[in-house]
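Annotated in TrEMBL:
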{"type": "DOMAIN", "residues": "A:12-221", "note": "domain 'UmuC'"}
{"type": "BINDING", "residues": "A:16, A:131", "note": "Mg(2+) binding site"}
{"type": "SITE", "residues": "A:21", "note": "site 'Substrate discrimination'"}
{"type": "ACT_SITE", "residues": "A:132", "note": "active site"}
{"type": "REGION", "residues": "A:385-411", "note": "region 'Disordered'"}
DNA sequence: TCTGGGGTCCTAGGACCC
DNA sequence: TCTGGGGTCCTAGGACCC
């Protein structure tokens, strides 16, 4: 056996499309270039073609509803508008901004096109959703080359080529970060947005990474960010100076240790180039909060429709699942989930509807509902043989947790057996 | 004028099995 | 009447991400 040669240093890129949905829209509405444009909301605000060949766009000021901003152009961001902001709030900041509905089919086409353009140059790609990917450049010819005095010149040149290829193929710009791992590349791709290219080595962590707020780190969200702030830790540099034991005491073994490693830019995770979906779901927020009894027929129709769409998604993509679940968001924003594991895989509408109905019976429905969702998990590809489950051959699942027994309003719930479950008119076909 | 929709992963307790 | 431990599955909730 020959001795193992030292493995080449890892060169990992993170590529993030700039204001992706909005940029896709600008490809077909070039007259909006440079304008504040916001993507979000339902289908009620399609641009209307005018007799003179121009288009009439909806303005944010005209919007009424519960939608949020999905993406905003940089011109709109200048007004303080950003993703996940309520559209009504965005309208207060930038009433004159153009509002476009989301068109996922368009974005999916652009997504496939940019990923294909990257794959021509670097085929090892981890999908991270519609608008971003990780790329392993380690083994790409030329990526490890020194150019002039720049030991990362080859990597830099390759990243530039990737950006050019994406631009040629889609007309869209992206930002790329190249570092020794995914965690740092994700941070690096943001440092020079839009149309950015940032190559970082480990020596640059103190100067380039440590000044950043902790929230920039992928894995520190609102909760952890607030807790860290409460401990006086605002930047990654401050986090890095903490003793691991001190962090573990406050954040638990796993997360505490990770926080420390992450602040030092340590991350050995490989790219995941083949992943199978774990679950598929459909959910909807109502225009107004609905009550299980008073709005029963409306809820029943929505519930059934969600089940139908999940079944359709599963069948179209060729998956079956064994766990059916529901999700409810009440008017106070509290979320409740229930699920039920079936004896066998299914992608069948009637089975999903039936199981989801069983789940619904275990929820106290006195509060009004804001959102309803249906999910199928435990997915397997439909064309693969079903693995025998030890569980499924045994006794039937024990009954779910009983519904809490409310006092005065019990009658309201109890006299509607099954609530909006199992209505023959909704489930007939 | 509050706060979408589609996901993943983790934790934790109890059931159940060996 | 008292004593195990390990492992997996199921369920519910929650954090986080795009």
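Just so you know, glycine gets a Cβ as well, placed from its N, Cα and C.
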At the Cα level, what's the spacing in Å between residue A:21 (site 'Substrate discrimination') and residue A:131 (Mg(2+) binding site), rounded?
9
Rounded to a whole angstrom, what is the C-alpha distance between residue A:16 (Mg(2+) binding site) and the residue listed as 'active site'?
5
Taking DSSP three-state, what's residue A:131 (Mg(2+) binding site) in: helix, strand or coil?
coil
In terms of DSSP three-state secondary structure, what is the assignment for residue A:21 (site 'Substrate discrimination')?
helix
Tell me, roughly as an integer, the mean pLDDT over the domain 'UmuC' (A:12-221).
96
Starting from the Cβ of residue A:21 (site 'Substrate discrimination'), draw a 10 Å sphere and report how many other Cβ atoms land inside it.
26
